[in-house]
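Input: a single structure, listed below in structure tokens.
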Amino acid sequence: MYYDDLPLWGFLGKLDRNKEHGGGKCLLFKHIHFDIMYNNDRVIEINVQTDPNVAVDITEDKEVPVEFSYSVTWKKTDIPFEKRMEKYSKSSSMPQHLEIHWFSIINSCVTVLLLTGFLATILMRVLKNDFIKYSHEDESLEDQEETGWKYIHGDVFRFPQQKSLFAAIIGSGSQLLALAIFIFLLAIVGVFYPYNRGALFTALVVIYALTSGIAGYTATSFYLQLEGTNWVRNLILTGCLFCGPLFLTFSFLNTVAIAYSATAALPFGTIIVIILIWALVTSPLLVLGGIAGKNSNTEFQAPCRTTKYPREIPQMPWYRSTIPQMAMAGFLPFSAIYIELYYIFASIWGHKIYTIYSILFIVFIILIIVTAFVTVALTYFQLAVEDHKWWWRSVLCGGSTGIFIFFYCIYYYHARSDMSGFMQTSFFFGYMTCVCYGFFLMLGTVGFRASLLFVRHIYRSIKCE
């Protein structure tokens with residue numbers, strides 16, 4: 001239960017194991033006693049006790065009339081209100097927990113350093129050799145057959161198919177990235193003290209609404225750079241890309257919660273407020289961002305001219321197709337966040353407390369860096385074998401971590417949680433799917449942005465005819 005944002009735990013009943021008969025009795029406690037410590041008009045601490053003597057036997061599966069009762073004792077205390085949360089923060093930053101977190105961070109950092117070093121050396125050496133080779137070839141061998149990434153310079157900046165969807169993903173992803181960074185800044189400043197459960201959701205809704213201008217601006221300006229024509233349709237698609245599935249999931253789950261008459265159902269007033277925020281803040285900002293993006297009127301800076309007809313892509317071995325590449329790309333970033341995921345899941349879907357936001361922020365930055373580097377490496381290997389369709393591939397490879405997180409959800413549900421029944425299952429998978437989808441969009445954007453910088457850089461360094 002929660003009382004004035006303070007959590008309390010207690011047992012509803014107990015199993016009386018009977019050694020001789022092998023069976024046991026199920027006892028339900030009828031009386032609950034609360035001990036509340038207060039300082040002036042503030043509640044400081046609350047504990048709960050049950051009385052095993054006042055219990056009713058519910059072993060047989062039939063209706064039993066039970067009268068429940070509770071009692072409260074109030075005690076004065078001198079602990080100031082500001083310090084009432086210390087008891088809870090201590091439990092999550094116990095030495096043994098902190099050690100695990102730091103081990104996981106050091107582990108991830110080592111992964112990142114190795115990866116970065118590995119990539120930097122490979123790419124620097126390979127690119128240096130490539131540059132030397134290509135610059136010498138210009139002088140000597142004019143008539144030889146061309147191979148390698150240089151020779152698809154006429155195709156590498158050929159715009160992807162489904163420009164509108166592509167630009168919408170980049171727009172939504174940029175917005176979610178901004179949202180994540182703002183939330184972390186608030187958390188580090190100390191806005192979300194543990195158990196102030198409403199604050200995090202409120203902040204998410206409000207900051208999502210306020211950052212929708214970013215999505216509108218990014219999507220529209222990028223769509224027009226890709227020489228798209230119908231920017232209004234693109235803007236609507238951007239607005240619905242993340243909100244649409246989220247709203248449908250929410251409506252379904254809220255209906256389920258109401259059907260089960262559970263407290264998880266949001267009251268009607270709150271839903272109206274959220275819809276008003278969407279109509280009066282999110283949508284206008286999205287449109288304003290879109291108009292600003294349309295007027296920014298930037299050209300797409302491609303260092304090489306695109307040829308009229310695309311080159312044929314040579315036959316590839318199976319491991320160079322999209323799905324195996326996504327599996328490779330998602331594995332490293334996922335392994336960097338794996339341990340933190342366990343703690344986050346335990347605090348959202350379990351009874352653990354998560355208070356160490358600074359560590360989470362470090363892990364988030366590691367995740368972004370690893371995603372960017374892995375995607376860049378895979379993009380280079382893709383271009384080296386003359387496969388010039390890197391646009392969608394970089395988004396899918398960047399975002400594949402989201403799919404890994406979803407598989408982790410399935411594992412967590414079966415192996416770690418005690419959830420059962422339709423309502424718990426639908427809530428867990430409904431909301432976790434939305435979170436994974438958000439990660440997919442956000443990391444896909446990171447992957448694409450990194451690849452675009454890289455591709456522009458290497459093609460700017462060679463002489464393109």
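Positions of Cβ are set from backbone N, Cα and C atoms, glycine also.
Because TrEMBL annotations are produced automatically, they should be read as predictions rather than curated entries.
Here TrEMBL flags 100-123, 165-193, 199-224, 236-260, 266-288, 326-349, 355-378, 390-413, 428-455 as transmembrane segment.
Comparison of 165-193, 199-224, 326-349 by number of C-beta pairs under 8 angstroms to the transmembrane segment (100-123) places 326-349 first. With respect to Cβ pairs under 8 Å, the transmembrane segment (165-193) is most closely packed against 199-224, considering the stretches 199-224, 236-260, 266-288, 326-349, 428-455. Using the rule of three or more Cβ pairs under 8 Å, pairs at least 6 apart in sequence, the transmembrane segment (199-224) is in contact with the transmembrane segment (266-288).
Residues of the same chain lying 6 or more positions beyond the ends of the transmembrane segment (266-288) and with a Cβ under 8 Å from any Cβ of it are 205-206, 208-210, 212-213, 215-216, 235, 238-239, 243, 254.
Long-range contacts of the transmembrane segment (236-260) within the same chain: residues 164-165, 167-169, 171-172, 175-176, 212, 215-216, 219-220, 266, 271, 278, 282-283, 286, 290, 422-423, 426-427, 430-431, 433-434, 437-438, 441, each at least 6 residues beyond the stretch ends and with a Cβ under 8 Å from a Cβ of the stretch.
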